[in-house]
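Everything on this sheet refers to the single structure shown next.
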Amino acid sequence: MTALPVTNRDTLPNLYDLSLAEMERLLTDWGQPTYRARQVFRQLYVNLADTPLAMTDLPLALRERLANETRLAPVTPEQVQTADNGLTRKALFRLPNGALVESVLMIYLDRATVCVSTQAGCAMGCVFCATGTLGLLRNLSPGEIVAQVVWAAREMRRLAGRPPRPTMRQPEDDAWWSPDDLENDAPSVPEVSSVSHVTNIVFMGMGEPFATYDRWWRAVEIIHDPRGLNIGARSMTVSTVGLVPGIRRLATETLPINLAVSLHAPDDDLRSALMPINRRYPLAVLLDATRDYLAATGRRVSFEYVLLQGKNDEPEHAAKLAALLRGEAGPAGLPLHLVHVNLIPWNPVPGMPLGRSERRRVLTFQRILRERGIACTVRVERGVAIAAACGQLAGGVAC
């Protein structure tokens with residue numbers, strides 16, 4: 001990445017960084033009544049205005065001052081790619097200083113989910129992930145996180161004005177097929193998506209959210225605000241590689257955000273080889289924090305498990321994973337009614353000497369877990385053809 005010079009506009013306050021209370025303070029400092037802040041907030045997140053000059057319920061002088069003394073960034077992606085008949089849309093954003101981040105909008109029959117990035121690059125170094133090859137370039141500001149959701153909301157509003165579009169019916173839990181199957185003879189039927197707005201957010205894009213917890217959480221609060229985007233807390237999911245302090249902190253928050261933990265191995269030796277963070281927070285420590293989280297919140301945790309051909313997808317790996325979660329191998333077990341394993345066949349990343357698990361191995365792994373009382377599904381990936389699937393985001397950079 002070539003760093004770009006920071007301009008004077010880049011140093012102006014980003015309106016997407018501000019909560020409603022902070023916006024009220026800004027505008028009252030300008031001599032405006034507090035209700036003006038509510039108008040601006042509504043324009044940003046309900047009307048989805050892309051410039052203060054479009055906020056026509058404000059006095060012209062205030063619109064001009066907002067345009068001159070604040071900014072909205074990033075507003076427009078540099079590139080949008082589509083896949084899955086337009087139902088998957090990946091946006092590439094360029095941030096001040098030139099850093100690139102990606103977001104993915106996935107439209108389903110009954111929901112629209114946006115996968116959001118929290119960092120440009122990532123320092124975690126998981127060996128199967130494209131983002132990790134970049135290293136950490138920088139953390140995103142709260143507003144740069146929020147802006148990705150605003151982009152997705154605009155996309156949904158724009159698409160809602162078109163004729164009904166086909167979507168793919170979700171498969172039964174036992175069904176799984178490859179991306180090639182999806183393009184050729186996918187087990188899907190034409191349906192009409194009735195969704196016209198973003199319904200779900202997954203913080204599973206580029207970066208580790210808990211490594212920039214304060215900024216990420218400020219974004220969550222802005223996104224959740226019922227006077228704006230109004231995305232319910234239970235409709236948001238955050239994924240972590242296993243930063244234990246973040247898991248413990250999330251357990252104390254008032255908003256019930258869903259938690260997903262990237263596991264990917266049933267023992268410390270293999271997990272440390274795949275995920276360097278395991279050397280800092282080994283499985284016993286991670287499961288202890290997860291157990292405390294479950295006790296404090298009563299909310300289900302999803303364990304994500306990327307299946308790598310011949311690395312972590314053997315039947316003995318499945319049996320060891322079940323034993324780990326049940327408490328039969330070292331750490332005390334977890335309450336299984338609050339545990340869900342999400343199997344993810346690895347999505348190819350150019351230059352990585354890894355393989356995607358074959359279908360039969362995936363289904364065998366799933367069967368072994370289920371036979372041992374572990375709830376388990378296989379993720380049907382979206383956007384593989386445009387490098388928008390799990391583990392493929394690299395900010396438009398060829399790996």
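Every residue gets a Cβ built from N, Cα and C, even glycine.
Note that the structure is a prediction, hence the values are computed from the model and not measured.
Residues or ranges marked as domain 'Radical SAM core' by Swiss-Prot on the basis of sequence analysis: 108-385. Among the features that Swiss-Prot reports, [4Fe-4S] cluster binding site is placed at Cys122, Cys126, Cys129. Residues or ranges marked as S-adenosyl-L-methionine binding site in Swiss-Prot (evidence: sequence analysis): Gly207, Glu208, Ser239, Ser262, Leu263, His264, Asn347. Feature annotation from Swiss-Prot assigns active site, S-methylcysteine intermediate to Cys390; the stated evidence is sequence analysis.
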Next on the checklist: For Cys126, Cys129, listed as binding-site residues, tell me which one has the smallest number of other Cβ atoms within 10 Å.
Outcome noted: Cys126
Item to check | Spatial neighbours of Asn347 (S-adenosyl-L-methionine binding site) among the recorded positions Cys122, Cys126, Cys129, Cys390 [C-alpha, 10 Å] | outcome: Cys129, Cys390
Checklist entry - So for His264 (S-adenosyl-L-methionine binding site), how many other CB atoms are inside 10 Å of its CB? => result 26
Item to check | Rounded to the nearest Å - Cα separation of Cys129 ([4Fe-4S] cluster binding site) and Ser239 (S-adenosyl-L-methionine binding site) | outcome: 14
Checklist outcome for this item: Ser239 (S-adenosyl-L-methionine binding site), DSSP three-state class -> strand
Checklist outcome for this item: CB neighbours within 10 A of Cys122 ([4Fe-4S] cluster binding site), counting all protein chains shown, number 26
Checklist entry - Roughly how many angstrom lie between the C-alpha atoms of Glu208 (S-adenosyl-L-methionine binding site) and Cys122 ([4Fe-4S] cluster binding site)? => result 7
